[in-house]
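Taken from TrEMBL as is:
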COMPBIAS  120-134  compositional bias 'Acidic residues'
DOMAIN    45-112  domain 'Histone-binding protein RBBP4-like N-terminal'
REGION    1-42  region 'Disordered'
REGION    112-141  region 'Disordered'
REPEAT    256-291  repeat 'WD'
REPEAT    303-337  repeat 'WD'
REPEAT    348-382  repeat 'WD'
Amino acid sequence: MAARKGRRRTCETGEPMEAESRDAGSEGPPQVYLPGRGPPLREGEELVMDEEAYVLYHRAQTGAPCLSFDIVQDHLGDNRTELPLTLYLCAGTQAETSQSNRLMILRMHNLHGTKSPSSEDSDDEEEEDEEDEEERKPQLELAMVPHYGGINRVRVSWLGEEPVAGVWSEKGQVEVFALRRLLQVVDDPQAMAVFLRDEQARVKPIFTFAGHMGEGFALDWSSRVPGRLLTGDCQKNIHLWTPSDGGSWHVDQRPFVGHTRSVEDLQWSPTEDTVFASCSADASIRIWDIRAAPGKACMLTTASAHDGDVNVISWSRREPFLLSGGDDGALKVWDLRQFKSGSPVATFKQHVAPVTSVEWHPQDSGVFAASGADNQITQWDLAVERDPEAGDVEADPGLASLPQQLLFVHQGETDLKELHWHPQCPGVLVSTALSGFTVFRTISV
């Protein structure tokens, strides 16, 4: 273990996993597995989860996999650390047929922490443990509505007291759905019965925009101006949505012009009402100001931000930093005060396949998480430095090659797509993958 000031750095990686020989003749201790940096698993070895590295760990499946989801902020309070936890997600499926897709609200509750290893129990204690195990079972409620076509991205916002979801469809349109009723029924079994019988099949979006003329992925609600929305498509166009009276939107038909290939992600500034960032398959990251005409709104550009597609960006709410992840597997931190230089202030290379999601921790300014097509979720802290007195690097020289700021590597998922920190439950991460949803909190964050 490499010591980190103020944090425990965890490298029994792969959930974190330990590669442990299962050969009958092998009695050696479990070995640390370093994805992409050490030898591959040998025959007879398998990855074993180190449960002591997790405060919380749960998995859930919804049938068809979800490419995208968002966490719905709730009224249960901020800074929730007491277990068991309850949380709400909004997700959209990528089913095998267009007709089989669903937009859904998930209520996950009774999420207890990981149990500490127990000593040998008596029969009475074993019975108590079985009862305890039953009481500790996690619960999942789903409210689903039909959606024609796979859902590329979902983002949730509150318009006053009304929760809504912006949905990018593979059929080329962006829709807005009201979520209030779905959130009601996952809390109330009687309301759920009425919903399933009388309402589910009739739910329709409250607004639809088909002006993109093709599909896309990029979508972001402003956190500063309720209802203000940006959408970007695979044809390089970005459109601005402005809320209008009566729960509708005016979508500017003039796209923001600058990118030469698909717009992959969009992020509103958390501090300025009119400024946003975009990234693209053209390898660039751009900063825009909507006060200018769409053809002249691009204010700053880093043309070669990554070696290839820039897939995802995240704008820090605490510092003037933008985080990006690309097809090159790199994670880069950009200081917006020095953005004109075209050089990131930090570059990290732990992922060995395209980065699929990045997000700054909502409260801890130097901490972020990333997921990759290499089935790794990594947690990082920019403030961490290696402790020269720590003995773990000498004990395992493989650790010396890891970036100092790498706190934790989680594995065990298949085809990771997206992750989000829960804004009201510090340290809790939620991810979606082909293998389903995972909710966890590590000992490192």
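For all residues, glycine too, the Cβ spot is worked out from N, Cα and C.
Please treat TrEMBL annotations as automatic predictions, because they have not gone through curation.
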Using DSSP three-state counts, the residues of the domain 'Histone-binding protein RBBP4-like N-terminal' (45-112) come to 6 helix, 37 strand, 25 coil
Within the same chain, the residues 6 or more beyond the ends of the repeat 'WD' (256-291) and with Cβ under 8 Å of it are 216-225, 228, 230-240, 297-317, 322, 324, 326, 334, 336, 339
Can you name the far-off residues of the same chain, 6+ from the ends of the repeat 'WD' (303-337), with a Cβ under 8 Å from a Cβ of it? 262, 264-270, 277-281, 283-285, 287, 344-360, 362-366, 368, 370, 372, 374, 378, 380, 382
Restricting to the repeat 'WD' (303-337), report the mean pLDDT as a whole number. 97
Determine how many residues of the repeat 'WD' (348-382) DSSP places in helix, in strand and in coil. 0 helix, 18 strand, 17 coil
